[in-house]
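Down below is the structure, laid out as structure tokens.
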Amino acid sequence: MRSHYNTDLGISHVGQSVKLCGWVNSYRDHGGVIFIDLRDRSGIIQLVCDPNDSKEAHEIASNARNEFVLIAEGAIRPRGEGLVNPKLKTGEIEVVVSKLTIENESAVPPFTIADESVNEELRLKYRFLDLRNPKLYENFALRSKACIAARNSLANMGFLEVETPILTKATPEGARDYLVPSRVHQGEFYALPQSPQLFKQLLMCSGFDRYFQIAKCFRDEDLRADRQPEFTQIDVEMSFCEQKDVINVAETFLKDIFKACGKEIQTPFRQMQYKDAMENYGSDKPDLRFDLKFIDVIDIFAKSNNEIFANIAKDTKKNRIKAIRVPKGDTIFSKRQMQRFEEFVRKFGAQGLAFIQVKEDGLKGPLCKFFSEEDLNELSKRCELEVGDVVFFGAGAKKTVLDYMGRFRIFLANELNLIDPNALEFLWVVDFPMFEQNDDGSYSAMHHPFTMPKNIDETDLEEISSIAYDVVLNGVELGGGSIRIHKNDIQQKVFKLLNIDEEQQKEKFGFLLDALSFGAPPHGGIAIGLDRLIMLVTGANSIREVIAFPKTQRAQCLMTDAPSPASNEAMRELGIKLRENIK
């Protein structure tokens, strides 16, 4: 029907006849000549409807309004002197309309498509209108390129695309399952998959060797800016591999994805052990676009005559004292800013925020009186302090200190404008602990219970490490993976350490244990969050901007009003009766 998309046209097309299709973005009547900004998925082009060129087209144009659907035919001409619009890709040209058709009319839209100040809830309610914005379209064009690049890259490396079931069995993977009642087997439920984890392992047991899938996954968890109840991941599994093989494959397809999106990235990515990431940056996904690395000073504080710090420093296993040096910070930060810094860390469990300033005549601050001159010199040397610097200290329980100092590090970087928004800093975090302790004292798998442990015979669960790895970009976890357990006895031992008894093992994972009993090969894999990846590539503020029809932070679709009550008839067929006053 059309000859071109709007932004395919430029000054080189002057004199050509074209046929364009799209929506009225805006409409202006200037002394009898009507100007229409016609919008299609690519962008905007200006139509000129002059009665001297076509009375019929001009008359039809006079009835057009915002969001009417038009088909326009005419000739390209350059805009007049001083009328070029540099904000538009087509800003040097316009279309002199000879024929115009109103293909469909529109009700008055609830908002202007290009208005970025519109409330997000209103945009989501009328998402079909919101998606007419060419800026949003660009996100999905990029997403499509990324998916095509991922498929081509993995296929070139010998991976086979296989779809795994959506209706499956509930298995504990760290979040709540979405359950689907069975009409045929009343009282029983399917679960929507949190990931294809077990099925892709079964494919390795089946000898498929290399699998991938762009998989839809579901998790019933609290939502944040980078989470949705349904999300998409690039899921990969391979047999007869080590960690380095999976990392090489992931770097290859990530490089191809970024190239397709117009960005060049360097491989291999740097690697960092989990314990180093936590001890030096207070995060298992550190943002390395800036420095502000922690400095361990617990041994120096052990020599202070401040009873609080000295007591903290006695237990180097459970406690931490970390410093962050800010070069020239003493010349930058006001007294009010220093107060804000303390208010910030207190929100995350800090008792306060001690600091020392470096003046021309030496170190200054309330802390200094608790140290000998020798200890202050040692502190200055370790922190590499210079005149004008300020150094902040966090002290207390290990988990609390690393958490609030890690958050404070990012807070400082934003305050100091240290973060380059165009930088792409990739990192592999490796050697994760196998288990982590919950608030109630029990243990759970840090990644999942199918990860291969390195030292399974270690008696202290917190000392057992795993062959697990996360890929991080600019402080955001893009995805993670591991080498899997491929031996039945090791898998059962891990289940036992997690207090999953033999009966539960058989009930929940019997099919996996069976598969591991029939010659399962060594295997491992990775999953990359596609939504997060595209969010970072496009610079979007939320994954809602890169998902066509997203849910709100209350897991609702405002456009379709989902979730919604089921009819009584449907509930009877499923054999389900809700409790009264369930809300």
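Cβ atoms here come from the backbone N, Cα and C positions, even for glycine.
Every protein chain considered, the tally of other Cβ atoms within 10 Å of the Cβ of His30 (site 'Important for tRNA non-discrimination') stands at 8. Marked as site 'Important for tRNA non-discrimination' by Swiss-Prot: His30 (among others).
Among the features that Swiss-Prot reports, site 'Important for tRNA non-discrimination' is placed at Gly82 (among others). Counting every protein chain shown, the number of other Cβ atoms lying within 10 Å of the Cβ of Gly82 (site 'Important for tRNA non-discrimination') is 5.
The annotation L-aspartate binding site is assigned in Swiss-Prot to Glu173, Arg219, His447, Arg484. DSSP assigns Arg484 (L-aspartate binding site) to a strand segment in the three-state reduction.
Annotation comment: Swiss-Prot describes 197-200 as region 'Aspartate'. With helix defined as DSSP H, G or I and strand as E or B, the region 'Aspartate' (197-200) counts 4 helix, 0 strand, 0 coil.
For the recorded site, Glu477 (ATP binding site), the DSSP three-state label reads strand. Listed in sequence order, Asp284, Lys285, Asp470, Val471, Gly529, Arg532 are the same-chain residues six or more apart from Glu477 (ATP binding site) with CB atoms under 8 A from its CB. What Swiss-Prot records for Arg219, Asp220, Glu221, Gln228, Glu477, Gly529, Leu530, Asp531, Arg532 is ATP binding site, and it gives sequence analysis as the kind of evidence.
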Helix, strand or coil at His30 (site 'Important for tRNA non-discrimination'), per DSSP?
strand
Can you tell me which of the recorded positions His30, Arg219, Arg484 is spatially closest to Leu530 (ATP binding site)? Compare CA atoms only.
Arg219
For a quick check of understanding: among the binding-site residues Arg219, His447, Arg484, which residue's Cβ has the most other Cβ atoms within 10 Å?
Arg484
Over the region 'Aspartate' (197-200), what is the model's mean pLDDT?
97
By CA-CA distance, flag whichever of His30, Gly82, Arg484 among the recorded positions is nearest to Glu221 (ATP binding site).
Arg484
Using DSSP reduced to three states, classify Gly82 (site 'Important for tRNA non-discrimination') as helix, strand or coil.
coil
How many whole Å apart are the CA atoms of Gly82 (site 'Important for tRNA non-discrimination') and His447 (L-aspartate binding site)?
61
For Glu221 (ATP binding site), what is the tally of other C-beta atoms lying within 10 angstroms of its C-beta?
14
